[in-house]
Amino acid sequence: MESEDLSGRELTIDSIMNKVRDIKNKFKNEDLTDELSLNKISADTTDNSGTVNQIMMMANNPEDWLSLLLKLEKNSVPLSDALLNKLIGRYSQAIEALPPDKYGQNESFARIQVRFAELKAIQEPDDARDYFQMARANCKKFAFVHISFAQFELSQGNVKKSKQLLQKAVERGAVPLEMLEIALRNLNLQKKQLLSEEEKKNLSASTVLTAQESFSGSLGHLQNRNNSCDSRGQTTKARFLYGENMPPQDAEIGYRNSLRQTNKTKQSCPFGRVPVNLLNSPDCDVKTDDSVVPCFMKRQTSRSECRDLVVPGSKPSGNDSCELRNLKSVQNSHFKEPLVSDEKSSELIITDSITLKNKTESSLLAKLEETKEYQEPEVPESNQKQWQSKRKSECINQNPAASSNHWQIPELARKVNTEQKHTTFEQPVFSVSKQSPPISTSKWFDPKSICKTPSSNTLDDYMSCFRTPVVKNDFPPACQLSTPYGQPACFQQQQHQILATPLQNLQVLASSSANECISVKGRIYSILKQIGSGGSSKVFQVLNEKKQIYAIKYVNLEEADNQTLDSYRNEIAYLNKLQQHSDKIIRLYDYEITDQYIYMVMECGNIDLNSWLKKKKSIDPWERKSYWKNMLEAVHTIHQHGIVHSDLKPANFLIVDGMLKLIDFGIANQMQPDTTSVVKDSQVGTVNYMPPEAIKDMSSSRENGKSKSKISPKSDVWSLGCILYYMTYGKTPFQQIINQISKLHAIIDPNHEIEFPDIPEKDLQDVLKCCLKRDPKQRISIPELLAHPYVQIQTHPVNQMAKGTTEEMKYVLGQLVGLNSPNSILKAAKTLYEHYSGGESHNSSSSKTFEKKRGKK
């Protein structure tokens with residue numbers, strides 16, 4: 001019976017393979033045309049919408065995006081302001097199109113995030129820090145991500161912060177560890193570059209030798225396997241040799257690229273750029289034994305076909321069918337040779353992905369599910385024990401796909417350093433289906449065993465050590481508690497509340513579970529979605545037990561330093577103090593603070609001002625005036641209570657029901673009653689919104705050899721003026737200056753004139769000129785701004801209109817009150833309607849008309 005079933009399944013698989021072959025033949029003739037057209041589009045740096053659309057419509061994976069972005073960057077030399085803005089826009093588009101929860105373990109995705117932050121550092125270093133933090137949170141396992149962030153902080157003069165980043169990367173187990181150790185050593189030696197070119201080469205060579213020795217023993221059971229090889233093989237080996245975790249999802253993505261770049265020329269390191277080669281660079285291109293490291297066959301120039309079916313113990317034959325137990329996936333991989341290759345650079349390798357029909361693909365998946373029990377690869381018993389012990393120690397299944405079905409993938413341990421620290425690497429022993437991405441994407445997480453994270457465009461693995469309980473059910477009397485990002489499958493089912501254990505590496509999933517809840521001081525809140533993130537915090541939209549909407553801000557304190565802790569404590573204190581005095585301050589309803597986390601239950605807004613400005617192509621003058629008045633009232637409130645915000649920017653204001661409210665007092669400073677300014681130990685704030693007096697002057701204002709900067713309420717006026725300037729002209733006053741040193745000099749230079757292009761609203765232009773005066777003594781104050789004609793929304797005409805309307809109503813009622821007959825009232829009302837519809841008001845003629853009507857009666 002089993003033999004008959006096996007034969008039936010073999011016939012079914014053969015028929016599916018024939019369908020795949022037919023589809024491939026159908027698209028085969030289109031390969032060259034697609035390649036030429038795609039090259040033509042990619043070469044055009046002025047408009048890449050065609051390539052972008054093709055990437056998003058086909059695979060939409062990080063490799064394709066990275067290839068396109070590197071090509072654009074190569075063609076954007078020398079880098080001008082316009083090209084920089086275009087590059088940043090493309091990188092931003094790529095990040096928005098790639099969900100971090102899906103690609104957080106992908107090297108190309110990590111490089112896109114890092115490079116985007118580096119480009120932002122060239123344009124706006126103050127904003128770049130947030131993007132470096134985002135890259136570090138999304139892709140924490142890659143050492144080069146942490147080093148790039150540390151390099152940026154070092155370039156900003158924050159040596160202590162740079163060292164903290166590297167040390168935390170070591171604690172997190174980022175790979176390769178040797179790269180982090182070299183960076184730390186160079187930092188201690190006070191070198192400007194954390195990694196030099198020579199160190200990169202030495203690091204690459206030593207890592208290769210160590211990895212080869214380690215893998216020779218670990219992969220002994222694979223020595224008899226013959227594998228086909230593709231152009232990505234060297235990249236896969238390089239990633240393998242760096243000891244990086246490569247989940248099956250990442251592997252699957254890597255072999256279905258429609259754009260691919262094999263080699264990349266070494267480029268100079270601009271502002272903050274970490275001198276780390278791409279792992280597929282020539283420096284990392286190493287020769288390894290094909291019997292030890294699996295690879296995939298490149299498609300020959302003669303277009304000979306090679307099916308990625310691996311038969312253990314025998315060489316692959318030309319026959320398209322094979323034994324069912326040896327089948328891993330059904331696919332036709334075909335790649336193209338590089339168009340041009342030399343020692344310095346190579347062109348893009350164009351590969352055409354074949355897209356199956358939905359019906360065929362779903363049928364293929366169904367048949368593969370039916371035959372999964374026959375496809376389980378044989379794994380040595382010693383390795384099986386190693387996987388089991390590893391999974392038990394971690395308490396979390398890092399590969400739910402491997403447990404949900406029986407396509408297990410060996411997890412190989414590699415020694416990282418002399419302290420016996422280990423990292424794991426998952427390498428598929430069979431090829432991965434190019435035509436069937438849902439196999440890995442749909443089964444990478446098991447929805448039944450994962451408490452999903454509400455997220456829209458959020459961090460992948462950052463908030464992994466939550467301590468606050470999260471309820472799995474909708475407000476039960478006694479319920480099991482977990483973390484908002486936990487995976488409940490690893491916990492025992494109990495009736496009591498179970499808290500998450502420390503130091504868990506939990507995977508974040510983007511979609512939200514409808515019954516996921518958070519507990520704050522015993523109150524249960526049901527999470528709807530994630531609405532924001534930044535640094536070590538995230539914001540969720542939640543429902544309380546009365547079905548009222550709130551926002552809960554979560555702050556992870558495990559990586560926070562003392563300054564960060566103080567900033568959050570100040571924020572809570574300021575919110576509690578100020579929300580009682582103004583409705584322009586965001587409301588804080590409840591909070592919970594521990595050594596590991598902070599939860600703040602706050603008023604839920606619609607969108608922050610920064611995001612709103614980016615989405616709006618043009619701003620209505622009335623909206624701008626209304627929001628400006630809201631900002632003035634909010635800042636006036638904090639100034640009345642002796643608080644200078646010192647870091648005002650659009651992101652600090654939240655739109656709530658059409659009203660702007662001030663949020664985020666993280667770095668606010670409370671002034672003493674007898675002082676008019678605050679001397680700060682370090683420069684804070686955003687450069688584009690930073691007042692001249694807040695910029696450090698190394699030649700003056702020194703105390704004990706340490707530079708100081710002064711801030712006052714007038715400093716917030718400058719920042720508000722920059723925000724209003726942005727709302728008026730679509731940019732900040734000094735945004736066009738890319739070089740940060742030049743920008744700082746321009747801000748404090750009285751000879752540098754700020755442009756105020758003519759606008760119809762002359763009172764608005766006057767407000768901008770009064771706010772953006774470099775001398776704080778000459779700068780306008782908040783009370784004066786509140787009394788400025790621009791803020792007075794046509795007070796006098798409105799009063800006159802109201803007065804006129806009152807007189808009109810009195811006149812109409814006076815005319816109607818003397819009429820007794822319904823017909824007379826109807827005629828009088830009709831006459832009044834005709835008069836007012838024609839734009840007329842009551843006058844002598846209308847009075848005579850009514851008098852005549854009344855006389856007739």
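Cβ coordinates come from backbone N, Cα and C, glycine included.
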Annotation match for phosphoserine in Swiss-Prot, from S314, S455, S837:
S455
Of S49, S317, S701, S846, the residue that Swiss-Prot annotates as phosphoserine is S317
Candidates T12, T355, T360, T637; Swiss-Prot annotation phosphothreonine sits on T360
Argmin Cα dist to S821 (phosphoserine) over the recorded positions S80, I531, S537, V539, D647 returns I531
Among I531, S537, V539, D647, these being the recorded positions, pick the one whose CA is nearest to that of S80 (phosphoserine).
D647
D647 (active site, proton acceptor) sits from S533 (ATP binding site) (Cα to Cα, rounded, in Å) at a distance of 18
Helix, strand or coil for S80 (phosphoserine)? Use DSSP.
coil
Look up S821 (phosphoserine) in the DSSP assignment and reduce it to helix, strand or coil.
coil
Tell me, how many other CB atoms lie within 10 A of the CB of S537 (ATP binding site), whichever protein chain they belong to?
20
Across all the protein chains here, work out how many other Cβ atoms are within 10 Å of the Cβ of I531 (ATP binding site).
21
Within 10 A of the CB of D647 (active site, proton acceptor), the number of other CB atoms across every chain shown is 24
